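Contents: one structure, followed by commentary.
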Amino acid sequence: MLDFFTIFSKGGLVLWCFQGVSDSCTGPVNALIRSVLLQERGGNNSFTHEALTLKYKLDNQFELVFVVGFQKILTLTYVDKLIDDVHRLFRDKYRTEIQQQSALSLLNGTFDFQNDFLRLLREAEESSKVRAPTTMKKFEDSEKAKKPVRSMIETRGEKPKEKAKNKKNKGAKKEGFDVPLTASKTAPADKSVGADNGVELSKEELIRRKREEFIQKHGKAADKSSKSTKSDAPKEKGKKAPRVWALGGCANKEDLDYSAPTTNGAPEVAPPEDINLIRGTGPGGQLQDLDCSSSDDEGAAPNPTKPSAAKGTLGGMFGMLKGLVGSKSLSREDMESVLDKMRDHLIAKNVAADIAVQLCESVANKLEGKVMGTFSTVTSTVKQALQESLVQILQPQRRVDMLRDIMDAQRHQRPYVVTFCGVNGVGKSTNLAKISFWLLENGFSVLIAACDTFRAGAVEQLRTHTRRLSALHPPESHGGRTMVQLFEKGYGKDAAGIAMEAIAFARNQGFDVVLVDTAGRMQDNAPLMTALAKLITVNTPDLVLFVGEALVGNEAVDQLVKFNRALADHSMAQTPRLIDGIVLTKFDTIDDKVGAAISMTYITSKPIVFVGTGQTYCNLRSLNAKAVVAALMKA
């Protein structure tokens, strides 16, 4: 039983609606528009909203959307056929009214489609019920029944012809041959090979004679090769002297010993560190947009390539006119070759394979049936649609503005809490220090909570960052106020308890922001994922940031999906808290392979808040969607 079936234009005008139950279809349809149609996620024609499953079909020629909704516990096999039939009949019946392309004509038009829809629904239900009973195939109809019994009998020690030939070819390549060759299976082959002066040889005599012939033929070559290996053996025993490069420096132990000299058992005071080396050279208080232009592009810009005169004028003209569409509607066959190339290009740019397939499918659904202009090629049309979809994906529904949210928390006299999570080795502590420096440059005080109580050296790493940040922002420059401080309780403690104590300490001491560093964990580690869900549920942070590498491809999808699933499964709250944003690290190591950004935002619908582009505190950027898409589409 269907809950509803509605037809509306892409401008938002409902043309016709069938209501099977008393509940309104407004909520599910609006959720479909917000989450799928506006976010360019039309690769799959199915969408789940609470207890309903929605299936939809786009008509790009007349700018219509057909949506059907039913309970997701039901398995209705006739829904796809029903949508196609309704789409075809409605378009043919009201073609004149729809082609006027004016909102007033659609509002004034009368679409009396109730009887036609009920007839199509009844036919679809009956067609799904009437099915030919599946008959079991008899043994006489199988391939095995056609083979004679003699061909299925195998004598012990014998092998089929193909295996015998392959083994013979492999044995001929070896230097020494000790394994006897198997004879052919059929009797005529034995007679033709083993006949000697008309006398038939037995199988054992034939194998012995073949072995002798092979040894006589290849024996001398084997002796020569063995002699050559013996003569070369003493040379290999000699140890090769290491090469000394002109600019390679020296490798003496004394020069490589960087341990600090001690005076009376106490280490000497380390020299003051270069502030510019720690801080970086860029402005810290303002996040710059991400620049994805590579060094190859910069070097190639001053030298534009000149058009070659070798190409003929007519050849270039015919080549240009060859791909023109010519005012016709696009079909799947027209776009198939172009979409295949686009999919391979996206995968080569580090986009996850499943995401690349869904993106191309979404573009195909968006363009199928759309009428193109006379001077438009299929390639340019598909590429432009894909670029628009990628830009829309990188600009998701919610935008995270930390500075605005921190000022709002200040008005309520409470600290703003941010929790960092992610897998091992992605740079959570390093990028936490970068974000701390950015907040300090904007005048906010920061308390760093060391909740990574598992990894050796995690607390010492944060202590080093705190010391360096304090050197950049000493209390003397802020009226004696401590701008950055580390809250730690050592190793082996409960991370959720440490975070709770740190938040209470920040509230009492007047800190503006609390940055909670957690232990790195793989998405399959159930105990650690349970501990992370407990930390988030107990402390209810304002922002949960997932830290991921820009180097990963398909792994990004697996990490984010399993992190969100684990947070939902292990949470004790009725509405579990999931990931709110993404920090993309090591972006300076990937050149133009920026596909991980697309994969992460597509799978979570969450924004990329920060991008790490280096090792100093100023190497923090905000995501520029158009620059990332331009780098992604670059050949």
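Placement of Cβ uses the backbone N, Cα and C atoms for every residue, glycine included.
Since this is a predicted model, take the numbers as computed values, not measurements.
Residues annotated as compositional bias 'Basic and acidic residues' in TrEMBL: 137-146, 153-163, 215-236. Per TrEMBL, domain 'SRP54-type proteins GTP-binding' is recorded for 607-620. Residues or ranges marked as region 'Disordered' in TrEMBL: 131-197, 215-242, 255-313.
When the domain 'SRP54-type proteins GTP-binding' (607-620) is classified with DSSP, helix, strand and coil residues number 0 helix, 6 strand, 8 coil. Using DSSP to sort the residues of the compositional bias 'Basic and acidic residues' (137-146) gives these counts of helix, strand and coil: 7 helix, 0 strand, 3 coil.
The average pLDDT the prediction assigns to the domain 'SRP54-type proteins GTP-binding' (607-620) is 90.
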